[in-house]
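Annotated features, as they stand in Swiss-Prot:
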BINDING   Asp150, Arg186, Ser210, Trp312, Arg343, His346  substrate binding site
BINDING   Asp209, His211, His340  Mn(2+) binding site
DISULFID  Cys97-Cys335  disulfide bond
DISULFID  Cys326-Cys412  disulfide bond
DISULFID  Cys445-Cys460  disulfide bond
DISULFID  Cys484-Cys498  disulfide bond
DISULFID  Cys525-Cys539  disulfide bond
DOMAIN    422-556  domain 'Ricin B-type lectin'
CARBOHYD  Asn48  N-linked glycosylation site
CARBOHYD  Asn111  N-linked glycosylation site
CARBOHYD  Asn501  N-linked glycosylation site
REGION    281-343  region 'Catalytic subdomain B'
TOPO_DOM  33-558  topological domain 'Lumenal'
TRANSMEM  13-32  transmembrane segment
Amino acid sequence: MHAGGKYCGPRHCSFYIIAFLICQLFFLVIFIRNDDASSANELLSFMNESEESDHLDWRVFISHTPETSEDFYQYNIHLSNALGLIRKLPVTRHHSCTTRNSILPAPLEANVSVVISFHNEARSMLLRTIVSLLSRSPEDYLHELILVDDGSQRDVTLLDDLKRWMGGVFGSRYRLGLTFLRNQERMGLIWSRNRGASLASGRYVLFLDSHCEVNEGWLEPLLERLALNTNLAVSPLLDPIDPTTLSYRKGNELLKGGFDWSLHFHWLKRQLTNQESLEMPYQSPAFAGGVLMMSREWFLKLGSFNPYLKIWGGESIELAIKLWLCGGQIEIVPCSRIGHIFRRRHAFDFPPQSDRQLSPAQETYLHNSKIIAESWLDEYKNMFYALRPAARRIPLDHTYDELQRMRKERRCHPFEWYLRHVSPELRMHFDELSATGTLRNEDRCVHARQKDSQPILASCYLSDITQWSMLRQSGQLSTHRELCLAVGFGMRIALEPCGRNETVRRSQRWVRLGTHLLHAESHLCLDNPLKDRLEMSTCRSHAVSQSFQFALEMEGQT
């Protein structure tokens, strides 16, 4: 019926009906397109709309990055600035991950607080970390983002500028809680992460580095695993981002995290069983890098990251040991992928320490590692001291009463349990050796220089003094670079690649006679006739120049 109160004719009615249907179809298409985009993608659209306002333009924000060399950041800062806020990442997870539906608890029972600590990070890299997180995370589960500026000196306005920029972009459009914290002085990653976690209010806490890019569907597989075990800690499989080209590459599902007796992190190879497939979560002795997620309550019950550790280094290893020994587990979840820049060296300085013979970075590492050894390794701490004798003179200014009380209350296992059930590779390495550590002759130690095939005697307190391992079965004397001490033509002592066949091994076989090192093939002994020189000579039972002692002997000497 039209305005005059009369019914329309068939032709007019058809016209109105068709027009009405076209309008409905138009609005339906708009609705579907909007519904397909996540709230974070709507946020990105809002960013583009607001580029007319300089204070909301991300390019203006990035332009305030202090001028400095690429060496400072240890990645390609110019390319990072050119990439913009977000980029399309390759699909690196197994195809079955994209077709299965994760079984998740209700959002209120599984909301996540994300803690990102940074120190002198480039603006574009930090912003890309944040935006990739927001654009690829389900809004209902992402509860809050806590950003901790650990006393950045090069860019002191970064946090305030970021706060204004994000406030202008978000306004009231997003329910995500935002917390901005700044340490007035450098406190370190460990202290900063603990500070963020103490203020978090989500069920779970995710620790994320500030030079990452999260990939599609990264959160749901982690939440699904955590819902099955409240004492579990999970890590995504990290895809490496090349620091020079910023190319995003697929990570390796056949690697797990571990460490050696020097308490350095290492990737360990793993073998798939007949029941396992590449996309299945798998247990790991340690975290793969510093990206991990667990129940906030469980994290706090375990004492958080050890607050006595300084600045950076060892915190993930300490937490991993603590988790496994005190009733927890660690899993790597290959269906969850996060890109991570592994820098070739530290992009920050360590504060000066007390020992002038060590660099600040070396002393900080030894300080933190010594705390881990004294806290958790029990009688196996002697392995650490054998390989890192300089740690003995590092002072520790606290006791372990609180830690021992926690170990007793939680009925934590001894470290022997970890070797048997979690990291048999570490136990195997221990069982393979008859002696290890520095090899000392009086006040000097046998040292293999990087670019020289002939070993010498040098100060035992060199920061890179060679650590030797005497293999129990083969009698080979090996460095960590898998170079073996050998005797060649003319009785010349040299370093050679450790041999696998018996012919090569003969020239590399040594026998312990008391404190002497007898070369099995020549029946001569290692000798030190001059201050820094090594040679082979006839064995003399009481010759001090032929007395060589390992830092740690695992079996009685012949």
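Placement of Cβ uses the backbone N, Cα and C atoms for every residue, glycine included.
Feature annotations (Swiss-Prot) mapped to structure.
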residue: Asn111; record: N-linked glycosylation site; DSSP class: coil
residue: Asp150; record: substrate binding site; DSSP class: coil
residue: Arg186; record: substrate binding site; DSSP class: coil
residue: Cys326; record: disulfide bond; DSSP class: coil
residue: Arg343; record: substrate binding site; DSSP class: coil
residue: Cys445; record: disulfide bond; DSSP class: strand
residue: Cys460; record: disulfide bond; DSSP class: coil
residue: Cys484; record: disulfide bond; DSSP class: strand
residue: Cys498; record: disulfide bond; DSSP class: coil
residue: Cys539; record: disulfide bond; DSSP class: coil
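Between the CA atoms of Arg186 (substrate binding site) and Asn501 (N-linked glycosylation site) there is a gap of 53 Å, rounded to the nearest whole number. Listed binding-site residues: Arg186, His211, His340, Arg343. The one with the lowest count of other Cβ atoms within 10 Å of its Cβ is Arg343. Asp209 (Mn(2+) binding site) falls outside any helix or strand according to DSSP and counts as coil. Put plainly, the disulfide-bonded residues Cys97, Cys326, Cys460, Cys498, Cys525 were compared by Cβ crowding within 10 Å, and the winner is Cys525. Across the domain 'Ricin B-type lectin' (422-556), the prediction's mean pLDDT works out to 86. Checking each of the recorded positions Cys97, Asp150, Cys335, Arg343, Cys539 against His211 (Mn(2+) binding site) by C-alpha distance, the shortest gap belongs to Arg343. Its Cβ taken as reference, Cys484 (disulfide bond) is surrounded by 26 other Cβ atoms within 10 Å in the chains shown. His340 (Mn(2+) binding site) has Ser210 nearby among the recorded positions Cys97, Ser210, Cys445, Asn501, counting only those with a Cα within 10 angstroms of its own Cα. For the pair Asp209 (Mn(2+) binding site) and Cys460 (disulfide bond), the Cα-Cα distance reads 36 Å.
In the three-state DSSP reading, Trp312 (substrate binding site) counts as coil. Secondary structure from DSSP puts Cys97 (disulfide bond) in a helix. Counting Cβ atoms from all protein chains shown, Cys445 (disulfide bond) has 25 others lying within 10 Å of its own Cβ.
In the structure shown, across all protein chains, Cys335 is the one of the disulfide-bonded residues Cys335, Cys412, Cys539 with the greatest number of other Cβ atoms within 10 Å. Within the set of binding-site residues Asp150, Ser210, Arg343, the entry lying nearest in space to Cys445 (disulfide bond) is Arg343 (CA atoms).
Looking only at Cα atoms, Asn111 (N-linked glycosylation site) sits nearest to Ser210 among the binding-site residues Asp150, Ser210, Trp312, Arg343. The shortest Cα-Cα distance between Cys460 (disulfide bond) and any of the binding-site residues Asp150, Ser210, Trp312, Arg343 is the one to Trp312.
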